[in-house]
Amino acid sequence: MRPILMKGHERPLTFLKYNRDGDLLFSCAKDHNPTVWFADNGERLGTYHGHNGAVWCCDVSRDSGRLITGSADQTAKLWNVQTGQQLFTFNFDSPARSVDFSVGDKLAVITTDPFMELPSAIHVKRIAKDPTEQTGESVLLIKGPQGRINRAIWGPLNRTIISAGEDAVIRIWDSETGKLLKESDKESGHKKTVTSLAKSSDGSHFLTGSLDKSARLWDTRTLTLIKTYVTERPVNAVAMSPLLDHVVLGGGQDASAVTTTDHRAGKFEAKFYDKILQEEIGGVKGHFGPINALAFNPDGKSFSSGGEDGYVRLHHFDPDYFNIKI
Amino acid sequence: MAHQGEPTKLRWGELEEDDGEDLDFLLPPRQVIGPDENGIKKVIEYKFDEDGNKVKITTTTRTRKLANARLSKRAVERRSWPKFGDAVREDVGSRLTMVSTEEILLERPKPLGAKTEEPKTSGDPLAQFQKGAVLMVCRTCGKKGDHWTSRCPYKDLAPPSEGFVDKPAASDAAAATAGATKGAYVPPGMRAGAERSSGSDMRRRNDENSVRVTNLSEDTREPDLLELFRPFGPVSRVYVAIDQKTGMSRGFGFVNFVNREDAQRAISKLNGYGYDNLILRVEWATPRAN
């Protein structure tokens, strides 16, 4: 395959997200402007201006009408996807790290970093249908876990919130009361910071990637460990194919060590694993720095990766990818 | 300039000189023609070049429809959304989206059907010679294509006549005179009955047609060098200097050719050749001055 290279960002990529139809790709980077691209040919559709810091995460509503972004400028913003117009700003006292729309797009979960003696927190906001009625009030505020929460997503039927972060523990919270329901046990869980979390397309299980050089597959309801994928690099990003039983892990050596070693030693490929057999299928090379973000097109026929090198690489699979056998 | 006649309130002098982008409104608007039924779209844009001259840029693109692409109605609608943000003033010259020139494959960790990886040639680059083993002649036992002199299993059985050829030539004259005086040590090669000619012949074989390669990358090993030089002709020896302590390459090596012409050709072709991001320096190896 010949990947499409998109160089719209001047700083390292942080997050990638496809809309539900798979025709738009949203990219966030440490420069301040989230960008939307056409996912088929990589043409830039527009940029969202307004943030004043690195943008860590974004999510798009099911109808591709609203975009929510979380940024290090201590805000999360709602945008009109089509025009790039800012609709609302949620202000916090610390950087917003992760955002996720609930099923139905009526709620959003936003996590904030520990900052200036403030602990990290998970906020649940109500998203109004009409942006003029939007308020910044939190429906629910969860505090407790130590260290940064790198990712928080909604569980099935919006009943739970799944969070993971620097303390390497994965937690499931009740989204109504904010009570802690389940915690991954230290024995089978990750040993180091969990950097990324991706739900399967049906939401029945999810994948976490960690700096302990492994990725783990968990059951969403019971939080039991299903599979472990061991690799030889810290994992910064994970994605799951919606079509085949494949998982993709991206990562690489620490960004600070990149310039000191040969690019082959950095292990900057996106690694494909068989979801069930936990065996490596192959690697896709190309980035000149660690991979920070991975996303699968909802049709499963293409995926994109974003790297510390500032590039988004959009890969449309060759036909022979679909009959790979181990 | 085409727009001198147009009434404009702005004076040229009021505009900052170096701020070329502010003048963009003086240019004719962007024109998009097509796409026609063949999917050919023409975009005509104008911009100022460095000298302030107006430049017309016509970009012709052809969009091909994917045969089996099924898009939802909403997605088709989105396709015609107007650009916004930075994408509106997308510079024609700045190609934000490029198709990789490189073909990227999903690299399998092991090729299909292969059971295990071949055992690595354990530090013996010359083992590769095994196939075209004409060159491989053991100087101890004379056997062809089986082993190298240093690995000769019959080493101990052979007369040690050729063992110490690398003695300094300075002892030559001394040995000749000292040969008469009894009790003084005479190197085996210099002793009566030893085939002196064969000794010097071998020495030449080691040094002649030797090419020194410098500025090698640390990753270059002997097999790589062999691969690089073999196209020029039969190679009799490849050597890459390895640091004893660190085990890393010291960045230079030697290649011996069987034929001098081949060596000359290799030098003229590969000197200044970019290999593994470094520019190789290839020259005749000057024999060490004793």
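These residue numbers are counts, starting from 1, taken along the chain as shown.
Glycine residues also receive a Cβ, built from the backbone N, Cα and C atoms like all the rest.
Each residue in the repeat 'WD' (A:6-47) has a pLDDT score, and their mean in this model is 92. What TrEMBL lists as repeat 'WD' is A:6-47 (among others).
The repeat 'WD' annotation in TrEMBL covers A:48-89 (among others).
Within its own chain, the repeat 'WD' (A:142-183) is flanked in space by residues 57, 97-98, 100-104, 107, 109-111, 113-114, 119-124, 189-197, 199, 203-204, 206, 208, 210, 212, 218, 220-223, which lie at least six positions past its ends and keep a Cβ under 8 Å from the stretch. Among the features that TrEMBL reports, repeat 'WD' is placed at A:142-183 (among others).
DSSP states for the repeat 'WD' (A:187-228), grouped as helix (H, G, I), strand (E, B) and coil, give 0 helix, 22 strand, 20 coil. Annotation source TrEMBL lists repeat 'WD' at A:187-228 (among others).
Panel annotation: around the repeat 'WD' (A:284-314), residues 3-18, 20-22, 25, 27-29, 37, 39, 42, 196, 201, 234, 236-244, 248-255, 258, 263, 266, 268-270, 272 of the same chain, lying at least six beyond its termini, place a Cβ under 8 Å from a Cβ of the stretch. The repeat 'WD' annotation in TrEMBL covers A:284-314 (among others).
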From the DSSP assignment alone, can you count helix, strand and coil residues within the repeat 'WD' (A:284-314)?
0 helix, 16 strand, 15 coil
